[in-house]
Amino acid sequence: MNPSMAGSLAEPDYLNHETTVRSWLLTRDHKRIGVMFLVLVIFALLLGGTFAMLLRIELLTPGPTIMGPMTYNRVFTLHGVTMVWLFMIPAIPSAFGNFVLPLMLGAKEVAFPRLNLASVYIYAAGAALTLFGMVWSGADTGWTFYTPYSTTSPTAVTPILLGVFIIGFSTIITGLNFITTTHTLRAPGMHWSRIPLFVWAIYGTSVIQVVATPVLAMVLVLVALERVAGVGIFDPTRGGDPVLFQHMFWFYSHPAVYIMVLPAMGVISEVVCAFSRKNIFGYRMIAASTFGIAFVGFFSWGHHMFVSGQSTFGSGIFGVLSMLVAIFTAIKIFNWVATMYGGAIDLKVPLLYVLGFIFLLTFGGMTGVAVATTSLDVHWHDTYFIVAHFHYIMVGSVLMAFLAALHYWWPKMFGRLFPERWAFVAACTIIFGFIVTFLPQFLLGNMGMPRRYYQYPSEMQWLNVLSTAGASLLAFGFGLIGIYLLWSLRYGKVSPASPWGSRGYEWFSASPPGPHNFREPPRFEREVHDYTVSEAPHVY
Amino acid sequence: MNEFFRQVLFLPEQASTFARDVDHLHYVILSTAMFMATLIFGLAGLFLIRYRRRSESQATRKVQTSLFWEVLFVGSPLTVFLAWFFIGYHDFVWMQTPPPEAMDVYVVAKQWMWKFTYPEGPNSIGVLRVPVGRPVRLLLTSRDVIHSFYVPAFRVKQDALPGAYTQTWFEVTRPGRYRVMCAEYCGLKHSEMWGEVVALSPEDYAAWLREQSAGPVALRDATPGAPERDEPLVPARLAMEYSAEAPHGELMTAERGTLAERGERVAAEKGCLRCHTVDGTAHIGPTWWGLYRREERLEGGGTVVADEAYLTESMMKPQVKQVEGYALVMPSFQGQLDAAEVAALIEYIRTLRGARRDDIRPGGPVYEPIDGR
């Protein structure tokens, strides 16, 4: 037992220095807020996952299986809405960003602690309104809310629109908070060139959130107004333009893909260093490509609309710009693999998820290049190929990184170790299950199965059955993770301050950290993830 | 080679002039994707073994990147991606540009069916007949929400937008029947919105067209009030191999005349016009002229917009929302009108509007024909 851990045991940590319900609900501690977000997004993941499982069971047979078409349409909408807005967008920034970003910067708190608390409640309020809409009658528009279907559908689209609108504020606030924190609260020694890559990723994400989310908010309000008051912005019989919605929606929702993926990439950069025991290869390239993605991401929305009747020239421009996003992503992938070169690699569970991440991102990214190729997209647009592609790139990366982060920072957050062997089995199940679920969907798309299909031609059945089998594996893997993590909270081995031997700055604090993060102000005298010398762990 | 890749990738048959070229690029890109993913993953696996951790206190040397590697990392994929893009864009421009000699077919999408109208006159629901070896330009629009006309075997897809026309084209290379699907989510029966393209040899096509514009069928179209002949209708969906139990509810029928014209006949048969007028004059019931989307005052207060839902409700339960100033004399038509007849009646009522009358009447092309024809 090392002395620093004995010290941290004696002192109160952020979990036990106050234990009343009130102290949690009114906390301004970024760590507790991070934990609250973690609980909320995991709940959202379970909800969205349940919907996904229902969809997959329905698709076991070509015709009706367990539900009617209306129920199916609602379920896929709710699956999309829950996963995108309640899970993937807030998951990593709001939960792990809140927890580790101030620790990484050596700060006691985020810049606006009260606003940070507000963002939890705004998220919860938005989620509650969305859930209310689901229970009331559930939208059947798909998570994309395309007009004019969304403005004429008889289902409860409006509460869900408003719920998402409210969640948008939570996103904006969190983004503002992180930007300000990064600018103003860095500890001594933390130059811009030493900022951990996870912070860079969150910073880039925050910029997108602050710039793009208002556009989403605006368009959602317009759809709601159109539904309630019939203002005629998207209704052609009143002189409106239904395609206008798609432009405005994708102006947010395409960059939103990077809101989801960039923080995931940040996690990967941290984890790959920690378990390779290596400095990151090409620090500046990774940081710069983050902003490359953030910037170009704003100019590629039109690749969602190659067959919507937009100009052929416009499609060409959007196609080229989409290729650039792939380039920036490729830079990161090369650098992560290069980081492993010459390292001292320990294949622990978080690194296993990184490998899953790299595989899914590479394959998902390459199919993204394929879809950005205009002539091919005509066949693939709105088919299961697209479904498979965005599940690989968005879900694959967010899920893998979320699980990597969860396992990597679990000892930091709760001071306990999880059972490594069970976690290894679960990780293998999840990665394998994911591939079995979505690889057949690429082939279904090639065959021409459009997305959001309740019934499909019978020759497509066996691929759908395969996909459902994979989804069951995924569900099993998640169940396993849930069980051993809950178990470890109580019975897990008490973790040392830095269980992985990581040189990330966040491990300068105790695990779990005290209420004010550090006992004495930390100084960062070396670069992050510098493993050139063996160093005795120093906990500030 | 083509056939091998096509089957490995589960692509449908290549029945249009684009299909083969599009597929070739498809093979190249997907093989490269798989190759690269395997390569990168393999490299990671190699490092995993070669550089595995040997002791807990092992230090590593710092590896810095040189400009050469950075340029190589960025440059090589960029070159490859741009090359793909330009090949693809070349094909895309081809796919987006209908040749001047193409024949036109108007396509109206509607929840949940495809209607095809030929400038020569005939029209059909669900079945598009085209000659082989001749470019066909489709002019698409929608009556309600966005639909997307998708023929996997042709590698062709185009959204149909309400209030606007979009176009696409294809040239079928061999006779046969090809599945049409709706690819843009459009509501309850999105996954049932199927049709088919029947590609005929030029001679068969000419014969079909002749048959359509001659004889009693044409006569019936010319005089909408004439009784419908009791001939078996062609169920468009029977062509599909899809065989789940009672898959599509109501069978869509390939019948002659527009739905509105059918509605006009239904109105005459069922006696609607004894009480309702279609020209705006008052009678026993409210007039149908301009009724659609009109706000009606109700007996006992309140108003209602006469949309599809209200019109249907009034046919089935006339007593529920009775329009102010009219006696309750209308009987219920519950069980007397089937769904298709209700749809036809509503469609007919929709055409009885001042402002929209012209664009709803099947008056022929709205677009100018392409130059040079």
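Using N, Cα and C of the backbone, Cβ positions are placed for all residues, glycine too.
As annotated by TrEMBL, domain 'Cytochrome oxidase subunit I profile' applies to A:18-525.
Sequence-remote contacts of a segment are chain residues at least 6 beyond its ends whose Cβ falls under 8 Å from one of its Cβ atoms, and for the transmembrane segment (A:33-55) they are 24, 27, 66-67, 72, 75-76, 78-79, 82-83, 86-87, 90-91, 94-100, 116-117, 119-120, 123-124, 127, 413, 471-472, 474-475, 478. According to TrEMBL, the feature transmembrane segment maps to A:33-55 (among others).
According to TrEMBL, the feature transmembrane segment maps to A:75-103 (among others).
According to TrEMBL, the transmembrane segment annotation covers A:115-136 (among others).
Under the heading transmembrane segment, TrEMBL lists A:156-179 (among others).
Residues or ranges marked as transmembrane segment in TrEMBL: A:200-225 (among others).
For A:256-275 (among others), the entry in TrEMBL reads transmembrane segment.
The feature transmembrane segment is assigned by TrEMBL to A:282-301 (among others).
Look at TrEMBL and you will find A:313-338 (among others) tagged as transmembrane segment. Residues 265, 268-269, 272, 280-282, 285-286, 289, 292-293, 296-297, 299-303, 305-306, 354, 358, 361-362, 365-366, 368-369, 372-374 of the same chain sit 6 or more residues outside the transmembrane segment (A:313-338) yet have a Cβ under 8 Å from a Cβ within it.
Sequence annotations record features per position, and here TrEMBL assigns transmembrane segment to A:350-372 (among others).
According to TrEMBL, the transmembrane segment annotation covers A:384-410 (among others).
Residues or ranges marked as transmembrane segment in TrEMBL: A:422-442 (among others).
Residues or ranges marked as transmembrane segment in TrEMBL: A:462-487 (among others).
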Looking only at the recorded stretches A:75-103, A:115-136, A:282-301, A:384-410, which one has the largest tally of CB-CB distances under 8 Å to the transmembrane segment (A:200-225)?
A:282-301
Pop the mean pLDDT for the domain 'Cytochrome oxidase subunit I profile' (A:18-525) in here, whole number is fine.
92
Honestly, do the transmembrane segment (A:256-275) and the transmembrane segment (A:384-410) touch, with at least three Cβ pairs under 8 Å and pairs 6 or more apart in sequence?
yes
Going along the chain, which residues at least six beyond the ends of the transmembrane segment (A:384-410) come within the CB cut-off of under 8 Å?
83, 87-88, 91-92, 96, 99-100, 257, 260-261, 263-265, 267-268, 270-271, 274, 349-351, 353-354, 356-357, 360-361, 363-365, 367-368, 371, 416-418, 423, 427, 430-431, 434, 437-439, 441-442, 444-446, 449-451, 481, 485, 488, 500, 506
